[in-house]
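> Sharing the features that Swiss-Prot gives for it:
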type	residues	note
SIGNAL	1-20	signal peptide
DOMAIN	29-142	domain 'Plastocyanin-like 1'
CARBOHYD	Asn74	N-linked glycosylation site
BINDING	His78, His509	Cu cation 1 binding site
BINDING	His80, His122, His582	Cu cation 2 binding site
BINDING	His124, His511, His580	Cu cation 3 binding site
DOMAIN	171-359	domain 'Plastocyanin-like 2'
CARBOHYD	Asn256	N-linked glycosylation site
CARBOHYD	Asn279	N-linked glycosylation site
CARBOHYD	Asn444	N-linked glycosylation site
CARBOHYD	Asn468	N-linked glycosylation site
DOMAIN	468-598	domain 'Plastocyanin-like 3'
CARBOHYD	Asn484	N-linked glycosylation site
BINDING	His506, His509, Cys581, His586	Cu cation 4 binding site
CARBOHYD	Asn526	N-linked glycosylation site
Amino acid sequence: MSRFARLLLIVALFFTSAWAKTVKETLRITWEEGAPNGQARELIYTNGQFPSPTLVWDEDDDIEVTVYNEMAKNVTVHWHGLDQKDTPWSDGTPGLSQRPIQPGNKFVYRFKASPPGNHWYHSHEKMSLVDGLYGAIHIRPKGDRTGLWSQISQDKDDIKAMENAAYDPEYLVVSDWSQYTSEEYWKISTDSGLLVFCLDSILVNGKGEVYCPGQKFLQAELAPGLVEDAFPPGTEVSDKGCFPADLDQVQGGPWNITKRPDLIPPRVQEGCVASRHENATIVVDPSKNNGWVSMHFVAAATIAQITFSVDSHEFWLYEIDGNYVNPRKFVSAVMSAGETFSVMIKLDQEPGKYTMRIPNSGASQVLGGFAEMVYKGCEHEEKAGKAYLSYGGNPTSPDVEKNSFFPWQLDTDHMSPWPPNKPRPGNADEEHLLVLGRVGAPYNYTMNTKYLYPVDFQNDDPLLFYPNATRDTENDGLVLRTKNGSWVDLILQVSTLPGDTSSFEHFMHKHGSKTWRIGFGTGVWNYTSVEEAIQERPQDFNLETPGLRDTWITAFSIGGEAYWSVFRYFVDNPGPWLFHCHIELHLMGGMGIAILDGVDAWPEHIPEEYQC
């Protein structure tokens with residue numbers, strides 16, 4: 001090797017190692033009392049704070065996170081949106097990639113910081129997301145994003161400014177909050193025989209209040225047509241904005257169980273008690289970055305579907321689920337539990353204090369949430385600006401509705417990947433039909449016709465280490481197996497199971513890989529293949545510019561109309577990956593399935609420290 005070639009090799013190795021630095025983090029998980037909305041309860045703290053610390057890394061960093069469980073209950077940490085390529089043992093899913101971290105023990109997660117973008121981490125043990133273990137992750141990219149920003153502005157100064165703003169964004173972790181712990185909340189449903197999903201607050205960065213604007217006000221804030229289309233005439237919400245718990249349209253059925261609404265404690269469904277506390281304040285500086293600011297939103301909600309807007313400010317949505325998209329300008333956007341959004345805002349309004357409106361937009365409850373975006377130096381000024389959303393998340397004008405992002409279906413969700421990235425056309429190599437819905441009780445949910453995914457499924461013998469443990473057992477109905485290098489279609493059907501003809505949305509998240517949503521339509525799936533469906537209903541498919549994400553929404557079905565969705569992905573990351581609804585009540589009730597991707601190339605060289 002020549003001296004020059006040797007020098008080039010040394011330089012290349014230097015820059016590779018510079019990019020791939022090792023970053024060590026420590027997370028200490030404790031159980032303490034707190035009052036994020038002004039009302040005390042016990043919750044999870046991470047390193048003494050709630051929500052958990054924001055973690056910022058560079059693409060391809062070698063990450064080592066040591067988690068100390070200092071609670072009296074089990075825990076794991078899932079790195080939501082990270083692909084865990086070649087490190088499935090660090091995904092953080094009990095029963096699939098590890099055993100739960102028991103009280104007093106620790107676990108070391110090791111993985112590459114990949115892919116770049118806006119992600120988050122959270123607990124994955126039972127319903128403990130309700131208790132507060134969640135935080136933002138930002139992986140700064142190595143690649144050039146000029147082509148992304150130039151779709152927003154052709155000005156070179158703007159392009160440079162947006163790159164700087166995206167490198168150092170504001171983080172907004174949005175969560176819903178209940179006065180009850182996860183164990184208490186679930187017990188209310190099982191004791192009463194009713195699925196209960198009434199909340200108390202929307203929090204931003206762990207801060208919020210309990211609002212009690214009155215029953216008449218909340219009734220007037222219902223989404224137009226919701227009661228007429230979905231509920232009996234005259235249905236009224238409570239003074240917390242919640243629908244009556246014993247409505248058949250809410251609970252489904254009939255089920256062979258006893259309904260005991262009298263066992264729902266006071267203040268769960270009604271009996272609102274207001275509390276003044278504080279809302280999050282985001283201070284922005286229009287003198288920096290040519291007046292551009294980037295905001296990373298994490299929907300760490302457990303039930304709610306969040307809408308967000310900033311009074312008088314439009315924004316460019318440029319990233320969803322850690323995937324860059326061709327930017328589009330909106331005044332409000334809806335995001336489902338589990339999703340992450342990144343937006344770019346031009347600070348071109350009169351300096352002042354502007355309300356950020358972040359209500360629950362779903363049909364589950366009328367519930368407002370707020371934060372403040374304050375221009376630097378205007379912290380003590382009165383609020384200014386024009387509202388785009390009402391307290392309950394309704395657009396304040398037809399023009400607002402026209403310029404809002406709704407992820408309901410193919411014809412309204414036009415957020416195509418940047419740079420272009422589309423799946424293989426035609427038939428996939430494998431197709432799996434999954435029928436979603438309730439079985440046996442209002443709180444029992446399945447992803448495969450009848451099988452309920454237990455909260456402790458394979459906890460003692462995780463499938464990464466025992467991939468054949470469920471064969472020849474009934475539990476094999478909770479497992480799908482795919483081959484490495486194959487294209488897979490997951491066909492999800494809702495509103496066809498007995499007793500579940502009216503179905504709320506499900507927020508479906510797949511670990512280990514993102515999926516393209518290539519199809520969405522009404523009716524019962526009765527096609528022999530996806531290719532046949534494409535030929536018969538081409539208007540319901542998009543294989544040229546479909547979105548690419550790790551969390552997708554299914555349809556809100558009213559009055560027995562069935563819906564289906566088709567998601568396509570490529571298998572190149574062998575391991576056991578959970579596919580589940582990100583509504584905590586639904587996952588707790590059984591809405592999950594284990595996908596063993598690449599069983600013919602199963603990981604063999606698992607580090608000894610992870611061996612079970």
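The first residue you see is number 1, and the count goes up from there.
For all residues, glycine too, the Cβ spot is worked out from N, Cα and C.
Because the structure is a prediction, the values reported are computed rather than measured.
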> Any idea which of the glycosylation sites Asn444, Asn468 has the thinnest Cβ neighbourhood at 10 Å?
Asn468
> Near the Cβ of His586 (Cu cation 4 binding site), how many other Cβ atoms are there if near means within 10 Å?
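There are 28 such Cβ atoms around His586 (Cu cation 4 binding site).
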> Which three-state DSSP class does His511 (Cu cation 3 binding site) fall into?
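Note: His511 (Cu cation 3 binding site) is coil by DSSP, not helix or strand.
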> So, in DSSP terms, is Asn256 (N-linked glycosylation site) helix, strand, or coil?
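The residue in question, Asn256 (N-linked glycosylation site), is coil (DSSP, three-state).
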> Treating G and I as helix alongside H, and B as strand alongside E, what does DSSP give for the domain 'Plastocyanin-like 1' (29-142) in helix, strand and coil?
7 helix, 54 strand, 53 coil
> Within 10 Å of His509 (Cu cation 1 binding site) (Cα-Cα), which of the recorded positions His80, Asn256, Asn279?
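Cα within 10 Å of His509 (Cu cation 1 binding site): His80.
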> By CA-CA distance, flag whichever of His78, Asn256, Asn468, Asn484, His586 among the recorded positions is nearest to His580 (Cu cation 3 binding site).
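Answer for the nearest of the recorded positions: His586.
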> Limited to the domain 'Plastocyanin-like 3' (468-598), I'd like the whole-number average of pLDDT.
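Residues in the domain 'Plastocyanin-like 3' (468-598) carry a mean pLDDT of 96 in this prediction.
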> Write down the Cα-Cα distance for His506 (Cu cation 4 binding site) and Asn526 (N-linked glycosylation site), rounded and given in Å.
21
> Using Cα coordinates, what distance in whole Å links Asn256 (N-linked glycosylation site) and His506 (Cu cation 4 binding site)?
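Just about 24 Å between their Cα atoms.
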> If we count other C-beta atoms within 10 Å, could you say which of the glycosylation sites Asn74, Asn256, Asn279 has the fewest?
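Sparsest of the glycosylation sites Asn74, Asn256, Asn279 by Cβ contacts within 10 Å: Asn256.
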> Suppose the Cu cation 3 site is His124, His511, His580. Which further residues of the same chain have a Cβ inside 8 angstroms of that site's Cβ centroid?
His78, Asp91, Thr93, Leu96, His509, Trp577, Leu578, Phe579, Leu587, Gly592
> Using Cα coordinates, what distance in whole Å links His78 (Cu cation 1 binding site) and Asn279 (N-linked glycosylation site)?
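It is 28 Å, counting Cα to Cα.
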> Within 10 Å of His582 (Cu cation 2 binding site) by C-alpha distance: pick out those among the recorded positions Asn74, Asn279, Asn468, Asn484, His506, His511, and say none if nothing qualifies.
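Checking Cα-Cα distances against His582 (Cu cation 2 binding site), the recorded positions within 10 Å turn out to be His506.
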> What is the total of other Cβ atoms whose distance to the Cβ of His511 (Cu cation 3 binding site) is within 10 Å?
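I get 29 for this one.
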> Within 8 Å of the Cβ centre of His506, His509, Cys581, His586, which other residues of the chain have their Cβ, at the recorded Cu cation 4 site?
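These residues sit around the Cu cation 4 site: Tyr445, Phe507, Met508, His580, His582, Ile583, Leu587, Met591.
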> Let's check the environment of His124 (Cu cation 3 binding site): how many other CB atoms sit within 10 Å of its CB?
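If we count other Cβ atoms within 10 Å of His124 (Cu cation 3 binding site), we arrive at 27.
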